[in-house]
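**Student:** Checked Swiss-Prot, it gives:
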{"type": "BINDING", "residues": "Asp13, Asp339, His340", "note": "Mn(2+) 1 binding site"}
{"type": "BINDING", "residues": "Asp298, His303, His351", "note": "Mn(2+) 2 binding site"}
Amino acid sequence: MSKFNRIHLVVLDSVGIGAAPDADKFFNAGVADTDSDTLGHISETAGLSVPNMVKIGLGNISRPIPLKTVPTEDNPTGYVTKLEEVSLGKDTMTGHWEIMGLNITEPFDTFWNGFPEEILTKIEEFSGRKIIREANKPYSGTAVIDDFGPHQMETGELIVYTSADPVLQIAAHEDIILVEELYKICEYARSITLERPALLGRIIARPYVGEPGNFTRTANRHDYAVSPFQDTVLNKLADAGVPTYAVGKINDIFNGSGITNDMGHNKSNSHGIDTLIKTLQLPEFTKGFSFTNLVDFDANFGHRRDPEGYRDCLHEFDNRLPEIIANMKEDDLLLITADHGNDPTYAGTDHTREYIPLLAYSASFTGNGLIPQGHFADISATVAENFGVDTAMIGESFLGHLK
């Protein structure tokens, strides 16, 4: 019998809590990640008021230096710890896959200087369209269409760009390049990026509409991902008949593997929280696992090195946390964590190699305190033990610590 009938895992994308022990092996603009500290530096430079996460125990997580504006709680309502990544990567897919029980020993390839001519030329030859070379670099998805959409409308050239993650994205105005054509181009791009030196996690079709100065991305986005190389706990749950619900980009990250119910992409963190709450309210969701990713922290503020915006985004989530809890049942478990860091005060624009926080809450708790410090995959091991399925490759369950 399950200790908790439902477990809800919410990933606050990039909300790290201090440099990992191996941060010296990871870099931003030539600077090692050794001094990165997403929550610490936001708290220090912009101030941080997250009283609802404080109640659960966020300020009680062990740190060399306490979070400046996040107090400790004498009698928290939950259990907390921080977790270390063992996989050789600090990207979204690697973090999420490890959280679900896999050790990624060979990271995907990322292209901080843009894609090589060999890849671009192949796409041009296949599509019969030129590629705008100036867009070929890590770029905000909205900024890239603002900057190059007018040129695309005039020439029909492709907007090919990347990000901090191992992805190749192609943006196309739906009136200039039909969605079906864009999909075929992305399918081809997927076929040529399945092995090194260009092993990419996802190819993403990014259609948009509108006029210069007023472009809008449409719901016709399509992801061409690779599936995890081995079963994750999501697969073990699905195979055992335990429903799994994906909110946000979770379904894309796992290429649908082990997902029984995809609740759709998020338009924003707030929309994602709305979707999570609707998921919690589903009458048929009496037992199972929900997995939510809230990406605005990372996409809108971490990469853009905007600590004040990041702070406000954390405030927004914290303000809505009581709504999530109010829609949980007595025997539900809420786990709040991250997938990597992205210190908005740090050098460069890439993710940062950090510990991630873990907050555990249930209305059924009679105790509180610290969970032993462990690794990302401890989450998957805990979920697996709760539902009585086999664990994946790695991880130690902390289920027994939750009283």
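Quick reminder: no glycine exception, Cβ is built from N, Cα and C everywhere.
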**Student:** For the recorded Mn(2+) 1 site formed by Asp13, Asp339, His340, name the remaining residues of the chain with Cβ within 8 Å of the site's Cβ center, in chain order.
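**Tutor:** Here the non-site neighbours turn out to be Val11, Leu12, Ser14, Val15, Gly16, Thr92, Gly95, His96, Asp298, Ala338, Gly341, Asn342, His351, Ile356.
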**Student:** Could you check which of the binding-site residues Asp298, His303, His351 is the closest Cα neighbour of His340 (Mn(2+) 1 binding site)?
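**Tutor:** For His340 (Mn(2+) 1 binding site), the closest Cα among Asp298, His303, His351 is found at His351.
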**Student:** Using the Cβ centroid of Asp298, His303, His351 as the reference point for the Mn(2+) 2 site, which residues of the same chain not in that list have Cβ within 8 Å?
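**Tutor:** Same chain, not in Asp298, His303, His351, Cβ within 8 Å: Asp13, Ser14, Ser163, Ala164, Ala299, Gly302, His340, Asn342, Thr349, Asp350.
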**Student:** Between Asp339 (Mn(2+) 1 binding site) and His351 (Mn(2+) 2 binding site), how many Å separate their Cα atoms?
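**Tutor:** Per the Cα atoms, Asp339 (Mn(2+) 1 binding site) and His351 (Mn(2+) 2 binding site) stand 10 Å apart.
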**Student:** At the Cα level, what's the spacing in Å between His351 (Mn(2+) 2 binding site) and Asp13 (Mn(2+) 1 binding site), rounded?
**Tutor:** 10
**Student:** Taking just the CA atoms, what is the gap between Asp13 (Mn(2+) 1 binding site) and Asp298 (Mn(2+) 2 binding site) in Å?
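**Tutor:** Spelling it out, the Cα of Asp13 (Mn(2+) 1 binding site) and the Cα of Asp298 (Mn(2+) 2 binding site) are 6 Å apart.
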**Student:** Got a sec? Which of these binding-site residues, His303, His340, has the most Cβ atoms within 10 Å?
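**Tutor:** Result for the most crowded candidate: His340.
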**Student:** Quick check on the binding-site residues: of Asp13, Asp298, Asp339, whose CB has the lowest count of neighbouring CB atoms inside 10 Å?
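**Tutor:** Selected from the binding-site residues Asp13, Asp298, Asp339 on minimum Cβ neighbours within 10 Å: Asp13.
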**Student:** Would you mind pulling the DSSP three-state label for His340 (Mn(2+) 1 binding site)?
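**Tutor:** SS state of His340 (Mn(2+) 1 binding site) = coil.
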